[in-house]
Each structure stands twice: as structure tokens, then as C-alpha cells.
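A short write-up of the structure that comes next.
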């Protein structure tokens, strides 16, 4: 299977072009066609020779994704189900925010982190996405807006879809540098957020990369016992190790860390839990922020339900009284398969049922 040309960084593309007997400026032309003009075939690159276009076609695909399903919410949220060249399925979500268009990308096919409340882990990790497959998600969503002709552009990216980004570290890093490139999509680093479930050693590595993107940590519990019971990763990276890495990140980058905290009724949403969370984050309060997330129920995890508004409000009040910077996240796409991984999981279930029915006939 040929790789997507999106899998090449700009430096990779320059090296490949020179290696194949062309001048460096040809790489600049290709990059411009891909990310500024956003063409979907090499034939549209009209300032390249036919022989060079043939060489590109021989070695690369442009966009490796095929659109399977699109769900649009009443609030303007759009959820895409894309099929990869090997038939695997991934999700991408577009959210309309007051500050612009934000896209949430997937980094792995399935997830091995094992959070007990999450739809993403219903199907175990089958492989990493390469950086071209991650970039292609942005390009296909942007293509939709280009075709509408209203001049709308993706302004923000969150790496919070299916999978653990830091478990696919190198590909995610290449993706970040591609979409941030001033000569391409030029999405500002401070408009990009990467979320991790808590791979402490990778947080330290990320601190040393010099990228100015935002970091979010999926915390979801304020003590080791509770966090280990709902997030298996805490057994490998308990809170002491995780927070040591977070403190290192803040000291190294002087950048704020956001904590994601999903509100599970009767599990992690008591005033006592809120006080524990305030105490846990006290040392880094000036450069941390807590995002309280309403839970989107998942059929396969029916032991969990959404915290009622009064419990969320009480939790929020405790945090605010302790001086914690926090917000209750605005919901998106509640009338479609809203939970991360849910559309993919439901589609795969329907595909299996159809296959079984066909075999029975």
C-alpha cells in the first residue's frame, strides 16, 4: 500500500524531491498545492511536469481516507466516520465554537488504555495511525468547508479522539509540526491541544520538544484508589509519578496544563472528591485549569451515569472556593453518537450483524 504524501514533513518532502532529481523549489510547490490550495490529486498540480506527476502517483496517495458516515448535530457539530486503506474505521469530530472551527482527531485504531467509562476502548488498539492518516482527517474536514466557498477555516485542533496520543508519540509530533507549519495550514500552536491519559515519561519528553502547543491531562479522579479503579493506566503511572512529570512540564515550558475531569454520578463527583482535587492541584494552581465534563452515557458501560446538575454545581463551587480555575465544558453533539468512539463502535456492531445475517441466509 502506497503511503499518503501527507506523511512527509516539509523537510522530508524536500529530501525526497532532491533525491529524485528535482530542485528544492519543487517541494515548495507541492507543499503549497497540498496545504494552501488543498488539491486532492497530483494531476491538479498544474505547474509540475507530467513525468513528475507520474512519479508522485507511483510513490504516494494524496488522501488515504474514505468517508463512510457523516452525522450532523442540531448545534452544528459534525461527526465523521472515515475508513482507512486497510478497512479500519476511525472517527473525527468538528465542533463550532464561539472562537472558530475546532477539529478533534484520532491517533490510533482502538485504544489500550482501558478507561472503564469510555467508548474508545470498547475495541482494543489494532494499530497506530501514521502522521499522514492523522493529517488527512484535517484535510478532509477542511475540504468540506472549501467546497462550500464561504472562506471558513479550521482554526483549532484537539488531539483527543480515539487512542492515546503519547502512545503514538513520533507520528503525533510530526502531525503537530505539519499543521503548525507557517507555509501550510498555519494553525497556531496555541490553538492546538494534545490530551494524554497520563504517560508520565512522555509528558517529560514532550516538555523538551520545544513545541508551544497546549497539554491536557485526562485526570478523572483525585486519588490513586479511585483513579486506578476507573483508569487502568494509573496502576503504571500513579498520581505521584504523574504530577512529578506535570510539574517538570510546567517548570520547563512555563505553560498551563488543563485537567479533564469527567463527572460520573456517585463515583467521583462528591464535594469530598472536589476538595481532594483542589488539594491535589494546589502546588501548580497558577498554571493549571480544570475542565469538568458532563458524561455521555455508553450502552456497554451502563454502570455509569451522568452527574445531575446540582452535583456538578456543588463540585464546581468547592473548586472555586479553593481558588481553582475551572469551567464546566460546553456540550456538543448530544443528539448524535456523542461519546468518543461511539459512532465507530456502533457502526462496527451493525456491520457484524449484517454479516451474520448474510451468512445465516
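Placement of Cβ uses the backbone N, Cα and C atoms for every residue, glycine included.
Record features (Swiss-Prot):
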{"type": "ACT_SITE", "residues": "91", "note": "active site, proton acceptor"}
{"type": "DOMAIN", "residues": "97-335", "note": "domain 'Radical SAM core'"}
{"type": "DISULFID", "residues": "104-340", "note": "disulfide bond"}
{"type": "BINDING", "residues": "111, 115, 118", "note": "[4Fe-4S] cluster binding site"}
{"type": "BINDING", "residues": "163, 164, 195, 218, 219, 220, 296", "note": "S-adenosyl-L-methionine binding site"}
{"type": "ACT_SITE", "residues": "340", "note": "active site, S-methylcysteine intermediate"}
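Overlay of Swiss-Prot feature records on the structure.
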residue	record	CB count, 10 Å
91	active site, proton acceptor	26
104	disulfide bond	24
111	[4Fe-4S] cluster binding site	26
115	[4Fe-4S] cluster binding site	20
118	[4Fe-4S] cluster binding site	26
163	S-adenosyl-L-methionine binding site	30
218	S-adenosyl-L-methionine binding site	22
219	S-adenosyl-L-methionine binding site	27
220	S-adenosyl-L-methionine binding site	24
296	S-adenosyl-L-methionine binding site	19
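The local packing around residue 164 (S-adenosyl-L-methionine binding site), expressed as other Cβ atoms within 10 Å of its Cβ over all shown chains, amounts to 26. Rounded to a whole number, the distance between the Cα atoms of residue 104 (disulfide bond) and the residue listed as 'active site, proton acceptor' is 9 Å. Mean per-residue pLDDT, taken over the domain 'Radical SAM core' (97-335), amounts to 95. In this structure the alpha carbons, written CA, of residue 104 (disulfide bond) and residue 195 (S-adenosyl-L-methionine binding site) are 11 Å apart. Cα proximity to residue 111 ([4Fe-4S] cluster binding site) (within 10 Å) is found for none of the binding-site residues 195, 218, 219, 220, 296. Reduced to three states, the DSSP call for the residue listed as 'active site, proton acceptor' is strand. Sequence-distant neighbours of residue 195 (S-adenosyl-L-methionine binding site) (same chain, six or more apart, CB under 8 Å from its CB) are 158, 159, 160, 165, 215, 216, 217, 218, 260, listed in sequence order.
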